[in-house]
Amino acid sequence: MTTTTDPAARAALGTPAIALEQVTKTYDGGVRALDNVSLTVGHGTFLAVMGPSGSGKSTLMHCAAGLDTPTTGSVRIDGREIAGLNETRRTELRRERVGFVFQAYNLIPSLSVEDNITLPLRLAGRRPDRDWLRILVERVGLADRLGHRPAELSGGQQQRAAVVRALAARPAVVFADEPTGALDLRSAHQVLDLLRDLVDELGQTVVMVTHDPAAAARAHRALVMADGSVVDSLDAPTAPELADRLVTLGER
Amino acid sequence: MLHLAVRMAAHRIAALLAVACAVLGGGALVTATGVLAETGLRSHLSPGRLAGADLVVGADQEFHPPGDLPVALPERARIPAELVDRLAGLPGVTKAVGDVGFPVSLVDAHGRVVPAADPGPAGHGWSSTRLLAHARVEGRAPTGSAEAAVSAELAAAAGVGVGDRVRILAGDRLATAYRVSAVVTAPGAGVYVADATATALSGRTGSVDLVGLTTEPDARDRVADAVREQVADSGLKVRTGADVGVAVSPGADASRSLLILLAGSLSGIVLLVTGFVTAGALGVCIAGQRRDLALMRAVGATPKQIRRLAGAQSTVVAAAALVPGVGLGHLLAGQFRQLLADRGVLSPDLPLSVSPLPALAAVLLMLAVVQLSARTAAWRTSRMAATEAVAESRSEPRRPSRARTRAGLLLIAAACVLSVGPLLSRTVLGATTTSLAGIISAIGLALAGPALVARAGSAAVRRLRPDTAAPTWLALANIRAYALRIAGVVSPLAMAVVFVLTYTLTQTTVLAATDADTRAGTLGQYRLSVPGQGTVADGTLDAVRGLPGVRAAAPLGTTTVVWQYEEFGEPAAEAASALVLAPDAAGVLDLDVTEGDLSALTGRTVAVSSDAARFRGVARGDRVRLVLGDGTPVDARVAAVYERGLGFGSVVLSRDLAAGHTTTGPQQSILVRTDGSAAADRTLAAFTASRPGLVLGGSGSADGGDDAPPEVWINLATIVVLLGYLLLSIANKLVAATAQRRTEIAALRLVGTTPRQIRSMMRREAAVIAAAALASGVLLSALPLALLGQGFLGRPWPAGPLWLLPAAAITVVVTAFATVELPTRRTLRHAPAETLRAA
């Protein structure tokens, strides 16, 4: 545990943070949300997944994060295969290796910000690393808000608290599902800056699902999805480039 | 709006089911109460043996207190016999019959009384057969004093026919042989003797029970007017058609009064519980929709529209639930009537009165409660700025308001004050304050609950050690943060506990105290009576007194008396059952007389209980205004004051006072005290066997009943029905509340809570709910019950079954766990990401 909690050490080991091999996900009624997708996300990278609604990007994220199991294919999180794990085992794996940031924040309203942040650790029965948490909280500017309830914070503050929660357990990878979708421009910028800094400064791995080209442009690499498949992969994308790519998707 | 309401409603099945159940049960209870009340007011016995009469003239048989419902009087009031001739002379009258009645029992060849339905058969003069409808007479009219005609049923039961001899107990005579001169087949027929013999057996000359008239065809209404004119100043009633049934038997008819009383006392608790349950269910339902409502505000709905939406949606559900509810109410009322009839409280012949009125009242009342509760529940969300409403809809709506908490604490304090009732008055009325105090404090708890729960939750969270298991910690955090939600399920559960404990233990404690009173006060070991006859044969008393080993014997009777007094300067009247005692009663009864003496019970005198004396401001030597069971007003002097009012009632009449004012005579049974030797027992048994119809029994309670009084059964039945309703609604509410936590549970799972941890957290919450409900329920009941015990039994705890508390505890625990566990499991079956997307 001591060696793998440090993202830099993980990167050195050579196992990718996320590895999907020929993943297919079919829902009841025959809808094929993911069609034979293979994908590797290395440690310390910031990946954006783009695509129109129904392109399969959310399903890709749910499978990659272990929230859902693929119909066929293999998903490895930090080297651990999730196919064949039951709900409890997957939950435990997620708790340890995966952090989540949702569009709707999903903070627990009954808990204070501090309790929300430490919740995954408590659930795992682990003691929080106080120094690490202090660094994170100060970095996101919530040091004076720890005692508040989520309802007493602005949307941007809630999302930053959610980011801290996602990072509290030093996960191998953080998944962000439309993290700026509910935020105003300024708050959205702050959250995106925060995510990028986490990757650049702390070597964190982030996978972000979005359909905002400006948001995706902050990533190292952007995947474009359509009809359950990855149709394009752009390194160091720019917003106009991505917007153009999305538009041409529709014309195909 | 309605269309929207229905659409939104379709997504909240669990919560709406809770509302539907609450309304259905409430509608049933209110309807049932209404049907009982209406039956009490309007139902009539069938005309029976008077079905052949076109009109019947009789005494009013009702006492009309100023400004209150009439009290039915059970003792037959006689009317002057000369009226018969006067009415016979009216034009259009074909026949006028002076009806005279007396109790009869047939004795079969083995010396046993022929069993008969209740009320037992009555004897009448032969001319009363004219009042029977479609009577078929086989044989001839009885003549002289040794012939009788009997009904076909009685003849068959006794195994006799025309010309046979049969022994008959008539009035207060010993069994005498009669020759059967005729067998009469007609509904309601009894035993008929020659008119002169009937008058002699009834013990009264110059008066009759009622006058029945037959008229020329189509002359009934004309004759009725003429008769009314004739009797205008006498206070007599002229009855025609279905009304005639009232005159058949005042005793049976008087049981209607009980229904009115019963419905009156039920209505309070029924309305209280119904309102509480319905408002609670709607509260949960609307709380679950706060987000929808807030979003509707955001897209332009006005606050008023929101409230209307909430009201409309609930009304649709309520309206649908009221239809079966009203039907169920009628069934329930039928069951209740049956229960009362089985306990002998109500005449089994009294039909339920069915009209749309109780149903209409129930529907209007329930719809009003539903509209009001729904609008109140939606009030806050509807009034907030739209954006704020959306933001707030994600968490608990508010800090519990201070006014609400304060009102709740005040109610609890008021309940504490109220619970001293039993210390002040050792009467059934004093005891009712105990259960009332319990219910009021439960309502107080419902109001103050959220604040109390929040405070307790905070204290518990602060005290937690940092290494507490996550589920416990989460459960406590939820309790602190969702104080309203938790209190919303704790308070009805606590109310159920309070309700069961205070109501049941009040009954059993009063019963135990009454029983102790009666037992301590009854010196006689045996009671002689003639069941079905209602009176012991003349001469029995002297014969018993003469038996070797018998120390004392005294006659005993019960009647109904209305005591008129002043309360807070207003005239008041209380109708109650009263003992009728002879001056020699002290030999068999010890009423614990503190002033005066029972031997002074001669002439126009009464003895009163010390409680009644204190509250009505009378003392020995004062005069009290009474109305006797047949409606005769009297002024009586208080000859004695006694302590054992609980066991023997608030007033005892002297035999002289009651004489002539009861249907069967004041000597309904004889209480006997022997020297306790086996020889005396044998002598008494042999004497009893020698007199057909006479039954020797234990002394039992002094008023003739041999087990718990009917009120106890009625109250227990009420408890069972109301408790079932409460539990059902609580279960529904808990299921709905848990089902509405889908999003919260999904969010917890997304951040890494395992299903096991979720279940564990929910179980801990259920444990806290059950423990809080039990603890507060027991705490709130403790003071009233301790004071009740002190007041009635002289010790600070009540009397009652030991299993009651554990049974209540198990019920609460099972309800809390089952209703939390099942919906949680259902929620856990869905993937959390799916749940969140759907929410």
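Backbone N, Cα and C define each Cβ position, glycine as well.
Note that TrEMBL annotation is computational and uncurated.
The annotation domain 'ABC3 transporter permease C-terminal' is assigned in TrEMBL to B:265-384, B:719-831. TrEMBL lists B:258-288, B:309-333, B:353-374, B:407-424, B:436-461, B:482-505, B:712-732, B:766-788, B:800-820 with the feature transmembrane segment.
Between the transmembrane segment (B:258-288) and the stretches B:436-461, B:482-505, B:800-820, it is B:482-505 that has the most C-beta pairs under 8 angstroms. Proximity of the transmembrane segment (B:407-424) to the transmembrane segment (B:766-788) is established through 3 or more Cβ-Cβ distances under 8 Å for residue pairs spaced 6 or more apart. With respect to Cβ pairs under 8 Å, the transmembrane segment (B:712-732) is most closely packed against B:482-505, considering the stretches B:353-374, B:436-461, B:482-505, B:766-788.
Packing against the transmembrane segment (B:766-788) from elsewhere in the chain are residues 412, 415-416, 418-423, 431, 433-435, 437-438, 441-442, 445, 453, 456, 475-476, 479, 486, 489-491, 493-498, 501-502, 505-506, 509, 734, 796-798, 805, 808-809, 812-813, 815-817, 820-821: each is 6 or more residues past its ends and has a CB under 8 Å from a CB in it. Residues of the same chain lying 6 or more positions beyond the ends of the transmembrane segment (B:436-461) and with a Cβ under 8 Å from any Cβ of it are 269, 272, 276, 280, 399-400, 404-405, 407-416, 418-419, 421, 473, 476-477, 479-481, 483-484, 486-488, 490-492, 494-495, 498-499, 501-503, 772, 776-777, 780-781, 783-784. Sequence-remote contacts of a segment are chain residues at least 6 beyond its ends whose Cβ falls under 8 Å from one of its Cβ atoms, and for the transmembrane segment (B:309-333) they are 1-2, 4-6, 8-9, 16, 19-21, 23-32, 34-36, 39, 282, 285-286, 289, 293, 296, 301, 352, 354, 358-359, 362-363, 366-367, 370-371, 373-375, 377-378, 382, 721.
Per-residue pLDDT, averaged along the domain 'ABC3 transporter permease C-terminal' (B:265-384), amounts to 81 for this model.
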